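Q: Structure below; questions to follow.
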Amino acid sequence: RFELKYFYYNRFQNEDEEDDNYNTYGQQDGHYADNAGNDEDEASSDATEGHDDEDEIYEGEYQGVPAHSDGKHRDGQVALGQPVSDSLKSRKELENERQADEEELAQQYELIMQECGHGRFQWQLFFVLGLALMSDGVEVFVVGFVLPSAETDMCVPNSGAGWLGSIVYLGMMFGAFFWGGLSDKLGRKQCLLISMSVNGFFAFLSSFVQGYSMFLVCRMVSGFGIGGAVPIVFSYFAEVLAREKRGEHLSWLCMFWMIGGIYASAMAWAIIPHYGWSFSMGSAYQFHSWRVFVVVCALPCVSAVVALTFMPESPRFFLEVGKHDEAWMVLKHIHDTNMRARGEPERVFTVNRIKIPKQLDELVEMQNESANPVLKVLFKIKTELRGIWLTFMKCFNYPVRDNTIKLAVVWFTLSYYGLSVWFPDVIKHLQADEYASRVKLHNSEHIEDFTFNFTLENQIHRNGVFLNDRFISMKFKAVTFIDSSFINCYFEDVSSVGSFFKNCTFVDSFFYNTDIDDAKLTNSRVINSSFHHNKTGCQMTFDDDYSAYWVYFVNFLGTLAVLPGNIVSALLMDKIGRLSMLGGSMVLSGISCFFLWFGTSESMMIFMLCLYNGLSISAWNSLDVVTAELYPTDRRGTGFGFCNAMCKLAAVLGNLIFGSLVGITKAIPILMASTVLVGGGLVGLRLPDTRANVLM
């Protein structure tokens, strides 16, 4: 048996309704109508009048919610002129009725949000959700800033380098799909709270673990948590905005992602190179400054969790799942909050009728109450996962199937991270080429009985002979010895950063407190030589890395360049349309990406990075708005999560493909990024225009 429940909304009352129809279910309009002579209806009507700004709504006090009938015939029979019982209808008929209810609710809800107005409540939620979106931006940038230091600090071999970036995006990909789908089952606020808590806890924990494997696990789970931020945040905020405000204010919300990037860049610039902030407990536990940076970057997430606890659930979600009383109270709270902020506390919330969609029962196998508690938990998890999958499959049903496929293509192409992922590597390769051009060559040198107690940097020594020499309290930085001999030499307190001994011979030499090991002795022979108290751990390089501050500053500039494009897109979103902005921005971004082919200097590449970021942000903003508006409420989180998962999949592929090619040639990555951007923009133009849509 199904029930059709309603709130009453006076804008839809018909003053000319006949008295003899007041207590019957009208087959034509599908509504319960008010009875002027009904005491219950009169009481509920009076409950909506005479409010002042001191009124409070308590649980169980449903003001303006009249008693409703279940429409069931007492004899259990279908009476003439009465609606057919739900138990006698097919599943398809019930789904068609729900679809009709959804369409009517969408129109009513738009009018309700217009009555609630846009004010203090929306701005409060704007900043709370902005903190969550800021955390997502921070998470993306943390990967790039932490990667060099973490891999060096944890002695990661070349075979393991780069896994950090890929595994974080992999966690975000699964998180976007899971949390987005779960938000359609459990609610926006609850899922966002849980996902952000998971992110904050494991991000904080990752700063203390020592092994690289555990660090990867923590960052992957942290990414899994933050993966739910984007799909839930935009779904949540879109559901408390009226149509004329939705495009502009969702675009303003996108600015917090940029703020997260600026925050991460500034904190990396201020913290990571300062190794005086580090401490250690013996050789087993090291806490370098990059770990302090990881802790600081978890603060926006913690702040978002605390602030989110004071916000209500989305009223549109409550209506979708049939929780009419809860939805009404949230809507009244929104109305009263905005009216008090306007200085109009006497304004009464006049809504007293809202269409509730028909709730369709799902066949669920019941678990025995005496079953093992562990089995109950597993059954609950299985049920929720099955529900997420079924909702996901509904995204490929008519009429949203074509939109889902097009959106997935656009998200993948725009989010291919063509420049964002590998651009820092391009800068590093340019710097490395310049650095290599200044290398000093030493051929066939013969040095005898000499003490080296200074730094040797960016040098190549070929066919050298070092006899009775002493290397004490010094550093080799980017120094390579090739086919050289070290006879009766003494090495003490030596660090070798990026330095190698290739085809060298060590005879009667002594090593004490050095980091020279087998990994740095390539095809070299060690004859009658000994190593004592070798240094453990990896030597951090950013304290004297000439490019450290420069890399952070470049990322800071690239993120800051988003600001003008963000402002322009927010102001023009509702004027020129979502699709025009989406397609135009992606095509222009592809063209700007193509001109990187002609960049030969750092300054040119940095300028093109800023131009690309400024142009592409309009596409990001419009894509977020279109995705939130195209999906019905019952699958909005699921559809958005799937599209965002495609974005993260593109990031993983971008790491693998561009990372392997950028050191060989920049032509292939540039052509690939440019082509997919232009192609995605053309697909985006084929999406339906949502500017005039109400939220289904």
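Glycine is no exception: its Cβ is also placed from the backbone N, Cα and C atoms.
Copied straight from TrEMBL:
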COMPBIAS  88-99  compositional bias 'Basic and acidic residues'
DOMAIN    125-691  domain 'Major facilitator superfamily (MFS) profile'
REGION    12-101  region 'Disordered'
TRANSMEM  125-148  transmembrane segment
TRANSMEM  160-179  transmembrane segment
TRANSMEM  191-208  transmembrane segment
TRANSMEM  214-238  transmembrane segment
TRANSMEM  250-272  transmembrane segment
TRANSMEM  292-311  transmembrane segment
TRANSMEM  404-423  transmembrane segment
TRANSMEM  549-572  transmembrane segment
TRANSMEM  579-598  transmembrane segment
TRANSMEM  604-626  transmembrane segment
TRANSMEM  638-661  transmembrane segment
TRANSMEM  667-687  transmembrane segment
Q: Are there residues at least six beyond either end of the transmembrane segment (638-661) with Cβ under 8 Å to its Cβ atoms? List them, or say none.
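A: For the transmembrane segment (638-661), the far contacts come to 162, 165-166, 169-170, 172-174, 176-181, 183-184, 227-228, 230-231, 234-235, 388, 391-392, 394-395, 400, 404, 407-408, 411-418, 420-422, 425, 627-628, 630-631, 668-669, 672.
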Q: Against the transmembrane segment (604-626), which of these stretches has the most C-beta pairs under 8 Å: 214-238, 250-272, 549-572?
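A: Looking only at 214-238, 250-272, 549-572, the most contacts with the transmembrane segment (604-626) come from 549-572.
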Q: With pairs closer than 6 in sequence left out, are the transmembrane segment (667-687) and the transmembrane segment (191-208) joined by 3 or more CB pairs under 8 Å?
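A: No, the stretches stay apart by this measure.
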